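These features come from Swiss-Prot:
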SIGNAL    1-22  signal peptide
ACT_SITE  SER35  active site, nucleophile
ACT_SITE  ASP325  active site
ACT_SITE  HIS328  active site
Amino acid sequence: MARVCVMMMAMAIAMAMNIAMGDPIAPCYFIFGDSLVDSGNNNRLTSLARANYFPYGIDFQYGPTGRFSNGKTTVDVITELLGFDDYITPYSEARGEDILRGVNYASAAAGIREETGRQLGARITFAGQVANHVNTVSQVVNILGDENEAANYLSKCIYSIGLGSNDYLNNYFMPVYYSTGSQYSPDAYANDLINRYTEQLRIMYNNGARKFALVGIGAIGCSPNELAQNSRDGVTCDERINSANRIFNSKLVSLVDHFNQNTPGAKFTYINAYGIFQDMVANPSRYGFRVTNAGCCGVGRNNGQITCLPGQAPCLNRDEYVFWDAFHPGEAANVVIGSRSFQRESASDAHPYDIQQLARL
(Lines of atoms letter the chains of each structure in order from A and count residues from 1; the text may use other names and numbers.)
(Lines give C-alpha, C1' and ligand atoms only; values in the text may rest on other atoms or scores of the structure.)
Protein backbone atom coordinates (compact mmCIF):
# COMPACT_ATOMS: atom_id res chain seq x y z
CA MET A 1 0.00 0.00 0.00
CA ALA A 2 3.03 2.29 0.30
CA ARG A 3 3.01 3.12 -3.41
CA VAL A 4 -0.67 4.10 -3.27
CA CYS A 5 -0.03 6.30 -0.24
CA VAL A 6 2.84 8.06 -2.02
CA MET A 7 0.68 8.63 -5.10
CA MET A 8 -2.22 9.92 -3.00
CA MET A 9 0.18 12.27 -1.19
CA ALA A 10 1.56 13.56 -4.50
CA MET A 11 -1.99 14.04 -5.75
CA ALA A 12 -2.91 15.96 -2.59
CA ILE A 13 0.13 18.21 -2.97
CA ALA A 14 -0.69 18.90 -6.63
CA MET A 15 -4.28 19.71 -5.74
CA ALA A 16 -3.16 21.99 -2.91
CA MET A 17 -0.81 23.84 -5.24
CA ASN A 18 -3.58 24.39 -7.79
CA ILE A 19 -6.03 25.53 -5.10
CA ALA A 20 -3.38 27.85 -3.65
CA MET A 21 -3.03 29.48 -7.06
CA GLY A 22 -6.76 30.21 -7.07
CA ASP A 23 -8.50 29.33 -10.32
CA PRO A 24 -8.14 25.96 -12.08
CA ILE A 25 -5.22 25.76 -14.49
CA ALA A 26 -7.78 25.36 -17.29
CA PRO A 27 -11.06 27.30 -17.18
CA CYS A 28 -13.13 24.35 -18.38
CA TYR A 29 -12.93 20.62 -18.98
CA PHE A 30 -15.05 18.90 -21.63
CA ILE A 31 -15.27 15.11 -21.42
CA PHE A 32 -16.27 12.70 -24.19
CA GLY A 33 -16.32 8.97 -23.58
CA ASP A 34 -18.07 5.79 -22.48
CA SER A 35 -18.83 4.02 -19.20
CA LEU A 36 -15.27 4.52 -17.97
CA VAL A 37 -16.08 8.22 -17.49
CA ASP A 38 -19.90 8.47 -17.66
CA SER A 39 -21.09 10.45 -14.64
CA GLY A 40 -24.84 10.04 -15.08
CA ASN A 41 -25.86 10.72 -18.68
CA ASN A 42 -27.33 7.22 -19.05
CA ASN A 43 -29.49 7.49 -15.94
CA ARG A 44 -32.48 8.76 -17.90
CA LEU A 45 -31.96 6.55 -20.95
CA THR A 46 -33.72 3.27 -21.64
CA SER A 47 -30.55 1.25 -21.37
CA LEU A 48 -29.04 -1.78 -19.68
CA ALA A 49 -25.83 0.24 -19.37
CA ARG A 50 -26.67 2.11 -16.18
CA ALA A 51 -25.00 2.30 -12.79
CA ASN A 52 -27.25 4.56 -10.73
CA TYR A 53 -27.79 1.96 -8.03
CA PHE A 54 -25.98 0.63 -4.97
CA PRO A 55 -23.27 -0.66 -4.56
CA TYR A 56 -21.98 1.59 -7.37
CA GLY A 57 -20.82 4.77 -5.66
CA ILE A 58 -20.36 3.03 -2.31
CA ASP A 59 -17.16 5.03 -1.72
CA PHE A 60 -18.20 8.18 -3.59
CA GLN A 61 -19.21 11.26 -1.62
CA TYR A 62 -22.47 11.61 -3.57
CA GLY A 63 -23.34 7.90 -3.60
CA PRO A 64 -24.61 6.17 -6.78
CA THR A 65 -24.60 8.84 -9.50
CA GLY A 66 -24.30 6.72 -12.61
CA ARG A 67 -20.52 6.33 -12.38
CA PHE A 68 -19.36 2.80 -13.15
CA SER A 69 -17.09 2.66 -10.12
CA ASN A 70 -17.14 2.29 -6.37
CA GLY A 71 -15.83 5.86 -6.24
CA LYS A 72 -14.08 8.32 -8.51
CA THR A 73 -13.47 7.84 -12.22
CA THR A 74 -10.25 8.88 -13.93
CA VAL A 75 -11.75 12.18 -15.06
CA ASP A 76 -12.90 12.92 -11.51
CA VAL A 77 -9.28 12.56 -10.41
CA ILE A 78 -8.10 14.80 -13.27
CA THR A 79 -10.80 17.35 -12.44
CA GLU A 80 -9.46 17.59 -8.90
CA LEU A 81 -5.88 17.89 -10.10
CA LEU A 82 -6.81 20.64 -12.54
CA GLY A 83 -7.99 22.61 -9.52
CA PHE A 84 -11.78 22.55 -9.89
CA ASP A 85 -13.77 22.75 -6.67
CA ASP A 86 -16.35 20.19 -7.80
CA TYR A 87 -16.77 17.52 -10.46
CA ILE A 88 -17.80 18.31 -14.03
CA THR A 89 -21.57 18.14 -14.50
CA PRO A 90 -23.04 15.56 -16.89
CA TYR A 91 -24.70 17.00 -19.99
CA SER A 92 -28.09 15.72 -18.85
CA GLU A 93 -27.91 18.02 -15.81
CA ALA A 94 -25.79 20.95 -17.04
CA ARG A 95 -27.63 24.25 -16.92
CA GLY A 96 -26.82 27.95 -17.19
CA GLU A 97 -23.37 29.26 -16.37
CA ASP A 98 -22.35 25.89 -14.95
CA ILE A 99 -21.39 24.92 -18.52
CA LEU A 100 -18.55 27.45 -18.37
CA ARG A 101 -16.71 24.95 -16.12
CA GLY A 102 -17.12 22.27 -18.77
CA VAL A 103 -19.52 19.42 -19.44
CA ASN A 104 -19.27 15.64 -19.26
CA TYR A 105 -20.93 14.15 -22.38
CA ALA A 106 -19.82 10.54 -21.82
CA SER A 107 -22.35 7.76 -22.23
CA ALA A 108 -22.01 4.13 -21.20
CA ALA A 109 -22.00 1.65 -24.14
CA ALA A 110 -21.14 4.45 -26.58
CA GLY A 111 -18.69 3.92 -29.38
CA ILE A 112 -17.08 5.61 -32.32
CA ARG A 113 -19.33 3.69 -34.70
CA GLU A 114 -23.03 4.50 -34.57
CA GLU A 115 -24.23 0.91 -34.11
CA THR A 116 -21.80 0.02 -31.33
CA GLY A 117 -23.54 -1.03 -28.11
CA ARG A 118 -27.03 -1.06 -29.60
CA GLN A 119 -27.83 -4.43 -27.96
CA LEU A 120 -27.68 -2.64 -24.61
CA GLY A 121 -30.27 -0.04 -25.55
CA ALA A 122 -30.05 3.73 -25.76
CA ARG A 123 -26.65 5.43 -25.60
CA ILE A 124 -25.12 8.65 -26.89
CA THR A 125 -22.58 7.85 -29.60
CA PHE A 126 -19.42 9.85 -30.20
CA ALA A 127 -21.19 11.79 -32.96
CA GLY A 128 -24.12 12.41 -30.61
CA GLN A 129 -21.81 13.65 -27.88
CA VAL A 130 -20.11 16.04 -30.29
CA ALA A 131 -23.52 17.28 -31.47
CA ASN A 132 -24.40 17.95 -27.83
CA HIS A 133 -21.16 19.87 -27.47
CA VAL A 134 -21.98 22.03 -30.49
CA ASN A 135 -25.20 22.92 -28.66
CA THR A 136 -23.16 23.76 -25.56
CA VAL A 137 -20.88 26.03 -27.60
CA SER A 138 -23.87 28.05 -28.80
CA GLN A 139 -24.92 28.47 -25.16
CA VAL A 140 -21.40 29.61 -24.22
CA VAL A 141 -21.59 32.25 -26.97
CA ASN A 142 -24.93 33.46 -25.57
CA ILE A 143 -23.58 33.61 -22.01
CA LEU A 144 -20.37 35.44 -22.94
CA GLY A 145 -22.20 37.61 -25.47
CA ASP A 146 -19.64 37.48 -28.24
CA GLU A 147 -18.31 34.79 -30.60
CA ASN A 148 -14.72 36.02 -30.35
CA GLU A 149 -14.90 36.06 -26.56
CA ALA A 150 -16.30 32.53 -26.59
CA ALA A 151 -13.63 31.31 -29.03
CA ASN A 152 -10.87 32.73 -26.84
CA TYR A 153 -12.40 31.13 -23.74
CA LEU A 154 -12.91 27.71 -25.32
CA SER A 155 -9.38 27.67 -26.72
CA LYS A 156 -8.04 27.41 -23.16
CA CYS A 157 -10.21 24.44 -22.16
CA ILE A 158 -9.16 20.79 -22.00
CA TYR A 159 -11.05 18.38 -24.26
CA SER A 160 -10.68 14.76 -23.16
CA ILE A 161 -11.79 11.99 -25.55
CA GLY A 162 -11.80 8.35 -24.49
CA LEU A 163 -13.76 6.18 -26.91
CA GLY A 164 -13.16 2.96 -28.79
CA SER A 165 -13.40 0.31 -26.08
CA ASN A 166 -17.01 -0.55 -26.91
CA ASP A 167 -16.21 -0.68 -30.61
CA TYR A 168 -14.26 -3.80 -29.72
CA LEU A 169 -16.06 -5.13 -26.65
CA ASN A 170 -19.59 -4.45 -27.90
CA ASN A 171 -19.06 -4.71 -31.64
CA TYR A 172 -15.98 -6.22 -33.29
CA PHE A 173 -15.61 -9.12 -30.83
CA MET A 174 -19.34 -9.75 -30.47
CA PRO A 175 -20.28 -11.76 -33.60
CA VAL A 176 -23.71 -12.68 -32.23
CA TYR A 177 -24.84 -9.08 -32.80
CA TYR A 178 -22.32 -7.59 -35.24
CA SER A 179 -20.67 -8.60 -38.50
CA THR A 180 -17.69 -6.22 -38.33
CA GLY A 181 -15.41 -9.00 -37.07
CA SER A 182 -15.87 -10.89 -40.33
CA GLN A 183 -15.97 -7.79 -42.54
CA TYR A 184 -12.72 -6.17 -41.37
CA SER A 185 -9.23 -7.28 -40.47
CA PRO A 186 -8.03 -5.76 -37.17
CA ASP A 187 -5.94 -3.24 -39.10
CA ALA A 188 -8.78 -2.26 -41.45
CA TYR A 189 -11.20 -1.95 -38.54
CA ALA A 190 -8.82 0.33 -36.66
CA ASN A 191 -8.48 2.47 -39.80
CA ASP A 192 -12.26 2.77 -40.02
CA LEU A 193 -12.48 3.83 -36.38
CA ILE A 194 -9.68 6.38 -36.77
CA ASN A 195 -11.35 7.88 -39.85
CA ARG A 196 -14.63 8.30 -37.96
CA TYR A 197 -12.76 9.63 -34.92
CA THR A 198 -11.00 12.18 -37.13
CA GLU A 199 -14.32 13.50 -38.47
CA GLN A 200 -15.52 14.27 -34.95
CA LEU A 201 -12.24 15.91 -33.94
CA ARG A 202 -12.53 18.24 -36.92
CA ILE A 203 -16.05 19.24 -35.86
CA MET A 204 -14.77 19.93 -32.36
CA TYR A 205 -11.89 21.99 -33.75
CA ASN A 206 -14.29 23.98 -35.93
CA ASN A 207 -16.27 24.74 -32.79
CA GLY A 208 -13.37 26.15 -30.82
CA ALA A 209 -11.56 23.16 -29.29
CA ARG A 210 -7.78 23.61 -29.25
CA LYS A 211 -6.39 21.40 -26.46
CA PHE A 212 -7.15 17.72 -27.02
CA ALA A 213 -6.24 14.73 -24.84
CA LEU A 214 -6.93 11.49 -26.72
CA VAL A 215 -7.09 8.56 -24.32
CA GLY A 216 -6.03 5.19 -25.69
CA ILE A 217 -7.96 1.97 -25.17
CA GLY A 218 -7.01 -0.16 -22.18
CA ALA A 219 -6.18 -3.86 -22.29
CA ILE A 220 -9.74 -5.11 -22.74
CA GLY A 221 -8.53 -8.70 -23.02
CA CYS A 222 -7.49 -8.52 -19.35
CA SER A 223 -10.89 -7.49 -17.98
CA PRO A 224 -12.63 -9.97 -15.64
CA ASN A 225 -15.37 -10.42 -18.22
CA GLU A 226 -12.96 -11.48 -20.95
CA LEU A 227 -10.93 -13.63 -18.55
CA ALA A 228 -14.13 -15.37 -17.44
CA GLN A 229 -15.11 -16.12 -21.03
CA ASN A 230 -11.86 -16.68 -22.86
CA SER A 231 -9.03 -17.49 -20.43
CA ARG A 232 -8.33 -21.12 -19.60
CA ASP A 233 -6.69 -20.31 -16.30
CA GLY A 234 -8.65 -17.15 -15.50
CA VAL A 235 -5.41 -15.17 -15.42
CA THR A 236 -3.93 -15.13 -18.92
CA CYS A 237 -5.26 -12.19 -20.94
CA ASP A 238 -6.89 -12.63 -24.35
CA GLU A 239 -4.09 -11.61 -26.69
CA ARG A 240 -6.39 -11.64 -29.71
CA ILE A 241 -8.33 -8.71 -28.22
CA ASN A 242 -5.31 -6.92 -26.75
CA SER A 243 -3.48 -7.10 -30.07
CA ALA A 244 -6.39 -5.38 -31.82
CA ASN A 245 -6.46 -2.75 -29.06
CA ARG A 246 -2.76 -2.02 -29.56
CA ILE A 247 -3.29 -1.57 -33.31
CA PHE A 248 -5.93 1.08 -32.62
CA ASN A 249 -3.74 2.80 -30.03
CA SER A 250 -0.79 2.93 -32.41
CA LYS A 251 -2.94 4.62 -35.03
CA LEU A 252 -4.24 7.05 -32.40
CA VAL A 253 -0.65 8.08 -31.62
CA SER A 254 -0.07 8.67 -35.33
CA LEU A 255 -3.26 10.73 -35.45
CA VAL A 256 -1.97 12.91 -32.61
CA ASP A 257 1.28 13.49 -34.49
CA HIS A 258 -0.60 14.28 -37.71
CA PHE A 259 -2.88 16.82 -36.04
CA ASN A 260 -0.01 18.47 -34.19
CA GLN A 261 1.79 18.98 -37.50
CA ASN A 262 -1.22 20.08 -39.53
CA THR A 263 -3.71 21.86 -37.26
CA PRO A 264 -2.98 25.57 -36.70
CA GLY A 265 -3.22 26.75 -33.12
CA ALA A 266 -4.16 23.36 -31.66
CA LYS A 267 -2.31 20.94 -29.39
CA PHE A 268 -3.03 17.22 -29.23
CA THR A 269 -1.70 14.60 -26.86
CA TYR A 270 -2.10 10.85 -26.38
CA ILE A 271 -2.72 9.29 -22.96
CA ASN A 272 -1.34 5.75 -22.76
CA ALA A 273 -4.05 4.13 -20.63
CA TYR A 274 -3.02 0.72 -21.98
CA GLY A 275 0.55 1.06 -20.75
CA ILE A 276 -0.43 2.48 -17.36
CA PHE A 277 -2.92 -0.35 -16.86
CA GLN A 278 -0.36 -2.98 -17.86
CA ASP A 279 2.07 -1.58 -15.32
CA MET A 280 -0.51 -1.98 -12.56
CA VAL A 281 -1.21 -5.58 -13.58
CA ALA A 282 2.47 -6.48 -13.99
CA ASN A 283 3.51 -4.80 -10.72
CA PRO A 284 0.44 -4.88 -8.48
CA SER A 285 2.30 -4.74 -5.17
CA ARG A 286 3.85 -1.39 -6.16
CA TYR A 287 0.36 0.08 -6.04
CA GLY A 288 -1.07 -1.91 -3.15
CA PHE A 289 -3.11 -4.26 -5.35
CA ARG A 290 -3.55 -7.95 -4.57
CA VAL A 291 -6.22 -8.94 -7.11
CA THR A 292 -5.79 -8.06 -10.79
CA ASN A 293 -7.98 -10.62 -12.55
CA ALA A 294 -11.36 -10.42 -10.79
CA GLY A 295 -13.97 -7.81 -10.04
CA CYS A 296 -14.64 -6.67 -6.49
CA CYS A 297 -18.35 -6.94 -7.31
CA GLY A 298 -19.81 -9.38 -9.81
CA VAL A 299 -21.09 -12.89 -10.40
CA GLY A 300 -19.47 -16.09 -11.64
CA ARG A 301 -15.93 -16.88 -12.68
CA ASN A 302 -13.55 -13.98 -11.93
CA ASN A 303 -16.66 -12.10 -10.71
CA GLY A 304 -16.85 -11.29 -14.39
CA GLN A 305 -19.59 -13.36 -16.02
CA ILE A 306 -22.30 -10.98 -14.79
CA THR A 307 -21.47 -7.47 -13.67
CA CYS A 308 -22.31 -5.98 -10.26
CA LEU A 309 -26.02 -6.40 -9.48
CA PRO A 310 -28.32 -4.00 -7.58
CA GLY A 311 -27.87 -4.42 -3.84
CA GLN A 312 -25.07 -6.95 -4.18
CA ALA A 313 -22.47 -6.92 -1.40
CA PRO A 314 -19.06 -6.03 -2.87
CA CYS A 315 -15.70 -7.08 -1.48
CA LEU A 316 -14.50 -5.26 1.63
CA ASN A 317 -10.90 -4.69 0.50
CA ARG A 318 -11.81 -2.60 -2.53
CA ASP A 319 -8.50 -0.73 -2.73
CA GLU A 320 -6.73 -4.05 -3.27
CA TYR A 321 -8.67 -4.82 -6.47
CA VAL A 322 -7.70 -3.31 -9.81
CA PHE A 323 -11.24 -3.95 -11.08
CA TRP A 324 -14.44 -2.85 -9.42
CA ASP A 325 -16.76 -4.95 -11.60
CA ALA A 326 -16.59 -7.14 -14.70
CA PHE A 327 -15.37 -4.31 -16.92
CA HIS A 328 -14.36 -1.20 -14.99
CA PRO A 329 -11.41 -0.28 -12.77
CA GLY A 330 -12.11 0.67 -9.18
CA GLU A 331 -11.32 4.03 -7.63
CA ALA A 332 -7.84 2.93 -6.52
CA ALA A 333 -6.87 2.08 -10.11
CA ASN A 334 -8.58 5.21 -11.42
CA VAL A 335 -6.45 7.32 -9.07
CA VAL A 336 -3.31 5.78 -10.58
CA ILE A 337 -4.49 6.23 -14.18
CA GLY A 338 -5.84 9.74 -13.61
CA SER A 339 -2.75 10.90 -11.72
CA ARG A 340 -0.34 9.57 -14.35
CA SER A 341 -2.47 11.09 -17.11
CA PHE A 342 -2.28 14.46 -15.40
CA GLN A 343 1.41 14.25 -14.53
CA ARG A 344 3.25 11.45 -16.24
CA GLU A 345 5.39 9.17 -14.15
CA SER A 346 7.33 7.93 -17.17
CA ALA A 347 7.78 9.26 -20.69
CA SER A 348 5.52 6.54 -22.09
CA ASP A 349 2.49 7.66 -20.04
CA ALA A 350 1.66 10.52 -22.41
CA HIS A 351 2.84 11.75 -25.81
CA PRO A 352 3.95 14.49 -26.29
CA TYR A 353 2.42 16.17 -23.21
CA ASP A 354 0.70 15.12 -20.03
CA ILE A 355 -2.56 16.90 -19.23
CA GLN A 356 -0.94 19.33 -16.82
CA GLN A 357 1.50 20.41 -19.53
CA LEU A 358 -1.31 20.63 -22.08
CA ALA A 359 -3.30 22.90 -19.77
CA ARG A 360 -0.35 25.24 -19.31
CA LEU A 361 0.47 25.60 -23.02
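Just so you know, glycine gets a Cβ as well, placed from its N, Cα and C.
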| remark: Students should find that the Cβ of HIS328 (active site) has, within 10 Å, a number of other Cβ atoms equal to 28
| note | For the active-site residues SER35, ASP325, the largest set of other C-beta atoms within 10 Å encircles the C-beta of ASP325
| query | Could you state the CA-to-CA distance between HIS328 (active site) and the residue listed as 'active site, nucleophile' to the nearest Å? | reply | 8
| field | Integer Å distance between the CA atoms belonging to SER35 (active site, nucleophile) and ASP325 (active site) | value | 12
| request: Specify the secondary structure state of SER35 (active site, nucleophile) as given by DSSP, simplified to three classes. | output: coil
